[in-house]
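Asks: As annotated in Swiss-Prot:
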- Gly47, Gly48, Tyr49, Asp64, Phe91, Asp109, Gln116: S-adenosyl-L-methionine binding site (BINDING)
Amino acid sequence: MVANPGGGSTDAGGGPVRHIPVLLEEVLAALAPAPGKLILDGTFGAGGYTSAILAAGAEVIALDRDPTAIAAGQAMVAAHGGRLKLVHSQFSHLADHAPQGGLDGVVLDIGVSSMQLDEAERGFSFQKNGPLDMRMSATGVSAADVLNRAKVADLIRIFHFLGEESQAPRIAHAIEKRRAEKPFETTRDLAGLIELVTPRKMKDKIHPATRVFQALRIFVNDELGELAQALFAAETVLKPGGRLVVVTFHSLEDRIVKKFFSDRAGKASGSRHLPAAHERAATFTAVGKSMVSASEAEAESNPRARSAKLRAGQRTAAAAEAADMSLFGFPNLASLGKLGG
């Protein structure tokens with residue numbers, strides 16, 4: 001979610017208004033919340049979607065892996081008389097917090113919350129100087145650990161695959177040279193180096209550090225793996241007719257969601273070079289258009305919405321399929337866990 005420049009005010013749900021929920025009308029149209037329905041918001045953040053779902057009369061189970069978001073959301077919990085349950089959890093574990101086959105909807109907003117972007121000490125933004133952390137929770141390796149310890153070849157893989165950065169080799173070798181002199185500690189250390197080795201051209205629309213910061217954040221938090229596991233989990237907790245709604249912000253995430261819904265449509269995916277594959281029972285059917293993007297008006301008023309894409313599916317009565325990560329064709333980035341140690 002994107003921070004509200006005004007900040008400081010509160011909404012009807014009792015929580016702070018610090019964000020603009022992206023594609024809110026489209027999310028609600030696809031999710032169809034109503035009294036008597038139970039919806040899981042897997043990415044609570046600043047509570048934008050949850051607040052709107054509650055306003056429609058539904059009950060909500062909301063998850064967030066960030067303890068700061070959970071603490072900030074307690075006022076919203078108190079304001080809704082038992083209709084909101086807020087849980088500190090990664091959304092990949094959503095099946096642990098919902099009845100199997102008992103949900104009417106699941107919504108996931110795959111992005112960094114306003115609270116994380118606003119706090120320099122979290123290290124998510126190159127626009128604010130702070131420690132190179134980028135962890136959405138307090139566990140695991142930090143972005144600084146990755147930069148200071150990973151092999152150059154592994155940095156190139158991270159920047160290229162997760163950030164789609166064309167200058168990955170140049171940046172990785174510059175990082176190797178710089179860390180031999182002094183370890184990376186702050187966001188300014190990294191952003192400054194990237195600006196130095198890949199000067200921004202007049203035609204460029206984004207800061208040269210954008211893709212590297214994105215890649216590090218995704219790697220540190222295993223965001224693609226989390227998303228894939230959440231999609232599989234949602235398939236098990238949605239009742240027939242339940243809706244899965246996912247909002248993504250870059251092409252890697254969108255490809256995962258698109259691949260999942262395409263696969264779960266049950267169509268055979270054989271090749272003319274291989275034996276014919278049998279069609280499977282569909283576990284999801286499409287809801288509305290295959291992909292929805294922001295209107296011109298929303299993109300104008302909320303720049304973050306320009307890259308947002310929404311995909312939604314409706315659960316059928318077919319049995320959930322086994323989770324198979326090979327569906328997405330991820331490279332083995334998990335092998336970087338030791339960071340060259």
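One is the number of the first residue shown, and numbering goes on along the chain from there.
From the backbone N, Cα and C atoms, a Cβ is placed for every residue, glycine too.
The model shown is predicted, which means the values in this text are computed figures rather than measured ones.
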Asks: Restricting to the chain of Tyr49 (S-adenosyl-L-methionine binding site) and a gap of 6 or more, list residues whose Cβ falls under 8 Å of its Cβ, or answer none.
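Replies: For Tyr49 (S-adenosyl-L-methionine binding site), the qualifying residues are Pro21, Leu24, Val27, Asp41, Thr43, Val107, Asp109.
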Asks: If you count Cβ atoms within 10 Å of each one, which of the binding-site residues Asp64, Asp109 comes out on top?
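Replies: That would be Asp64, with the most Cβ atoms nearby.
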Asks: Based on Cβ atoms within 10 Å, give me the single least packed residue among the binding-site residues Gly47, Gly48.
Replies: Gly48
Asks: With DSSP assignments reduced to helix, strand and coil, which class does Asp109 (S-adenosyl-L-methionine binding site) get?
Replies: strand
Asks: Does anything in the same chain, at least 6 positions from Phe91 (S-adenosyl-L-methionine binding site), have a Cβ under 8 Å from its Cβ, and if so what?
Replies: Gly42, Thr43, Leu63, Arg65, Leu108, Glu226, Ala230
